Amino acid sequence: MDVTIQHPWFKRALGPFYPSRLFDQFFGEGLFEYDLLPFLSSTISPYYRQSLFRTVLDSGISEVRSDRDQFVILLDVKHFSPEDLTVKVQDDFVEIHGKHNERQDDHGYISREFHRRYRLPSNVDQSALSCSLSADGMLTFCGPKIQSGMDASHSERAIPVSREEKPSSAPSS
């Protein structure tokens, strides 16, 4: 059996006339010019770097920080209101679920849903957890860490999502 080996420089996901990143997770965000230029976008795909204007958090990717004093989850949920979000803690996990029904936008009808689950460190004080949504759509889940002599309770409970009027200023590491 003959197998054709192509250098990654010449690989194209759907052929030379289709952008290779149309099906990324940026649904409803629109396209940039380089998304529609197949020779620029798919020809250099293994070495391609996204525009500097799109940050990691713009892509819906969460950021988890755990330092000596607290545990923090930052998640971009700009397409959801606090009523669309459910945050609950069960045992050693925090579950964040977002869903909004089909609604009309500039391009037609769209519905979104996500479900994220994170393991909480064993020394997080589950009775003091908080969750807030900034004006720019950044969900911040915080939990202070307890001293080693104290015992953390492990039961299921919902964490209310409060709305902040100011944009998120992500705490520095």
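Just so you know, glycine gets a Cβ as well, placed from its N, Cα and C.
According to Swiss-Prot, the feature region 'Disordered' maps to residues 149-173, out of the candidate ranges 99-123, 149-173.
Using a Cβ-Cβ cut-off under 8 Å and counting only residues 6 or more beyond its ends in the same chain, the compositional bias 'Basic and acidic residues' (153-167) has close neighbours at 82, 85-92, 94, 126-127, 129-136, 138-139, 141. Counting every protein chain shown, 14 other Cβ atoms lie within 10 Å of the Cβ of Q90 (deamidated glutamine).
Q90 (deamidated glutamine) sits 20 Å from K99 (N6-acetyllysine), taking the CA atoms of both as reference points. Of all the recorded positions listed here (Q147, S162), it is Q147 whose C-beta has the fewest other C-beta atoms within 10 angstroms.
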